Amino acid sequence: MLPSQPLLHAVVFAVAVLRALASDPFIAAVYEHAVILPDVTDKPVSPDDALALMNKNMDVLEGAVKEAAQQGAHIIVTPEDGIYGWRFTREAIYPYLEDIPDPTVNWIPCIDPTRFGPAPVQERLSCMARNNSIYVVANIGDKKPCNSSDPSCPSDGRYQYNTDVVFDPEGKLVARYHKYNLFMFESQFNYPKEPEAITFETPFGKFGIFTCFDILFREPAVVLVSELQVDTVLFPTAWMNVLPFLTAVEFHSAWAMGMGVNFLAANTHRTSMSMTGSGIYAPDRARTYYYNMKTEEGHLLIAELDSHPRLSPASPPAVNWSSYASSVDRFSPNDHDFRGLVFHDWFTFTELTKSEGNFTVCQNDLCCHLSYKMAGKQEDEVYVLGAFDGLHVVEGQYYLQICTLLKCKSTDLKTCGQPVETAQTKFEMFSLSGTFGTNYVFPEVLYSGVQLAPGEFEVLSDRRLMSKTRPTKPVVTVTLFGRWYEKD
């Protein structure tokens with residue numbers, strides 16, 4: 001039975017509306033900042049000296065805000081630790097902190113700076129937003145007094161939080177987020193008693209925000225995307241790159257694709273600590289990104305994004321990540337599997353001894369399947385297929401399932417899993433899949449020189465990661481990075 005004419009018109013209209021909402025674009029900006037650091041000291045400096053250091057950094061950030069606004073950006077994200085750095089004890093950071101109120105107080109610091117006590121940093125950030133008619137996202141420190149009646153109150157009588165703030169184009173404070181998953185070196189801060197899931201509405205979609213190490217945990221990252229259905233995630237970070245899977249640009253672009261959201265990642269820039277890698281990512285590909293280990297300058301990125309990426313016809317459907325791998329027989333059983341260490345995790349590897357073939361490698365409940373053809377195998381380059389299924393326990397504890405095709409550092413198999421940035425071998429094709437127990441799987445393709453492959457690979461409906469270009473550029477790693485939040 002054919003639908004009635006009014007019903008057909010209604011369906012066509014609804015589809016047209018959804019497509020219009022999805023494609024309604026906005027301009028996003030992120031700034032990778034080479035932070036001016038304070039002198040190392042265990043003793044607190046004066047409030048005036050602390051503000052002088054922060055103003056030096058905010059001078060740079062204000063220049064980036066103005067330039068982004070002049071180029072039509074609606075929002076700009078700046079990095080974690082971007083205003084005062086990270087060389088602090090708990091006592092030494094105190095002069096840099098301000099009391100940041102709950103945004104429900106309806107406050108514009110640029111107009112009423114002393115309403116909640118001295119707040120020169122919030123005032124200046126608010127004025128940056130107001131004077132340039134742009135959302136400004138920054139990372140600063142919050143302080144909250146507590147007393148002995150609170151059993152978790154620190155001995156110095158205050159909580160100190162690593163905090164993101166967002167000011168709207170009028171300069172109003174519209175979001176405040178206290179980082180929940182502190183990294184191992186953040187002893188100067190407390191974590192909030194409960195994880196916060198912070199969202200706010202904009203004319204270009206629903207936004208959520210969290211900080212750096214938070215991305216590897218269910219709360220708040222998965223809650224914001226899967227439960228609260230944000231369209232765009234704001235991500236101030238101070239990310240230290242760890243090859244082969246956790247360089248900023250590859251993991252953040254993969255996370256955006258795996259979660260189906262826009263992702264605005266602003267990193268600090270300090271090559272001595274392997275800190276670089278910022279980007280503006282959509283679910284289908286990286287719109288723009290920056291990775292530079294050669295110079296010490298900051299960098300502004302600007303790109304257009306769809307306001308509601310889930311409504312886009314290009315948005316991938318939710319599919320079981322193991323649907324293909326669980327349906328195929330094991331490729332070429334291997335008698336020569338070996339163990340290799342990748343960022344403190346013991347992988348099971350098998351060497352790709354031929355220029356083309358089909359291989360399977362398994363560890364615990366995870367089996368990884370690879371079909372490939374090299375475009376001329378380089379004799380001095382060795383590639384392996386690897387699998388890891390287990391608990392990572394170094395800088396935090398979290399369960400991983402990883403399938404990877406990666407280049408070894410040398411022809412010595414003992415180097416497989418060590419950091420590698422360059423390669424010469426190109427592939428005519430590759431297809432990677434795995435029997436994942438989680439649907440939180442992030443696809444990564446990293447080319448020589450830590451270059452992404454936007455638009456040059458795809459994830460099929462049966463969840464095989466496939467190459468699209470023939471041949472590829474030289475490959476460093478092809479990875480399906482599974483994060484099994486459910487087992488934590």
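Including glycine, each Cβ sits where the backbone N, Cα and C put it.
Here is what TrEMBL records for this protein:
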SIGNAL    1-22  signal peptide
DOMAIN    31-307  domain 'CN hydrolase'
ACT_SITE  E80  active site, proton acceptor
ACT_SITE  K179  active site, proton donor
ACT_SITE  C212  active site, nucleophile
Those residues of the chain, 6+ apart, with a Cβ under 8 Å from that of C212 (active site, nucleophile): E80, K179, F183, F235, P236, T237, A238, W239
Mind giving me a neighbour count for K179 (active site, proton donor)? Other Cβ atoms within 10 Å of its Cβ, every protein chain shown. 26
Specify the count of other C-beta atoms within 10 Å of the C-beta of the residue listed as 'active site, proton acceptor'. 25
